[in-house]
Amino acid sequence: MFKLNGTVFMPSVLTLVGIPGLESVQAWIGIPFCAMYIVALFGNSLILVIIKSERSLHEPMYLFLAMLGATDIALSTCILPKMLGIFWFHLPKIHFDACLLQMWLIHTFQSIESGILLAMALDRYVAICHPLRHATIFTHQLLTQIGVGVTLRGALLVAPCLILIKCRLKYYWTTVVSHSYCEHMAIVKLAAEDTRINKIYGLFVAFSILGFDIIFITVSYIQIFITVFSLPQKEARLKAFNTCIAHICVFLEFYLLAFFSFFTHRFGFHIPPYIHILLSNLYLLVPPLLNPIVYGVKTKEIRDRASKIFHSKDTS
């Protein structure tokens, strides 16, 4: 690592600040973050075990939920161990290449989660609007293709962000990252060179993935609501609508937090930096925490299986 004219050439190690402005209380902030991670890990693992062990739940809706749970576990695990290392053990150093890998994993899993949410919306659309064709459309082969497709989409679209940083940006003003994990814009802002291409491509990835998915999710649910409200029987309308409530809650929590974090990070210049970082952390931690809770409460089949598991443990 060489310094030239006040800049650093190709840093080998970066320093993660954590939450700028709240360094003195980071140890306390780590406690609820750790609790959220443990609950998310337990809840999503429980859903995976229930779906795997119950053959009656090997249906598209539940298999998509299993994909979502696995993605949530991977996403939260990408950031929490290092974050708690910063908060509790004062280990802010991270190798530059490891930081880029973490950045790629985080944004890839975000993209995968968005793709799975889109697939779940399309599954509900076909199940409610075209119920007779649902079994022939959403086959296990299609589910496998969707899983592979959303994974490749995220991995391949995010990879150029990593390559552009590694190959284009040689000089950096500082090696101190004002963040608690390696985020694309947080790294790009360190560079002492022209970063317009990096910023433009980052925006392209964000809008091509989140924007595309939100549009199709919105269209799907407009069609679902039109079909539901046109049903002649009130009981049928309530049953169809009830199956969508959990999905709508998950969509709202994920995309509202995503866009709130995205816009405050780029355009909220008058908002204190610690607000930006806290929102970014919550965006990655809250959905993995709430998703199993929402589906556990609203999905009767999962709720019944979970109660059987704990009931059998209590009786033994």
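Cβ atoms are placed via backbone N, Cα and C, with glycine included.
In TrEMBL, annotation is done automatically, which means it is predicted and not curated.
According to TrEMBL, the protein has these features:
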- 43-295: domain 'G-protein coupled receptors family 1 profile' (DOMAIN)
- 27-51: transmembrane segment (TRANSMEM)
- 63-89: transmembrane segment (TRANSMEM)
- 101-122: transmembrane segment (TRANSMEM)
- 142-165: transmembrane segment (TRANSMEM)
- 200-228: transmembrane segment (TRANSMEM)
- 240-262: transmembrane segment (TRANSMEM)
- 274-297: transmembrane segment (TRANSMEM)
For the transmembrane segment (240-262), which stretch among 27-51, 63-89, 200-228, 274-297 has the most Cβ pairs under 8 A? 274-297
Quick one: average pLDDT across the domain 'G-protein coupled receptors family 1 profile' (43-295), no decimals. 89
Tertiary contacts of the transmembrane segment (142-165), defined by C-beta under 8 angstroms and 6+ residue spacing from its ends, are 60, 63-64, 67, 100, 103-104, 107-112, 115-116, 118-119, 184, 187-188, 191, 197-198, 201-202, 205, 208-209
Counting Cβ pairs closer than 8 Å to the transmembrane segment (63-89), the top stretch among 27-51, 101-122, 200-228, 274-297 is 27-51
Cβ pairs under 8 Å between the transmembrane segment (27-51) and the transmembrane segment (200-228), at least three: no
Tertiary contacts of the transmembrane segment (200-228), as residues 6+ beyond its ends and Cβ separation under 8 Å: 107, 111, 114-115, 117-118, 121-122, 124-125, 128-129, 153-154, 157-158, 160-161, 164, 184-185, 188, 237, 240-241, 244, 248, 251, 255, 258-259, 262
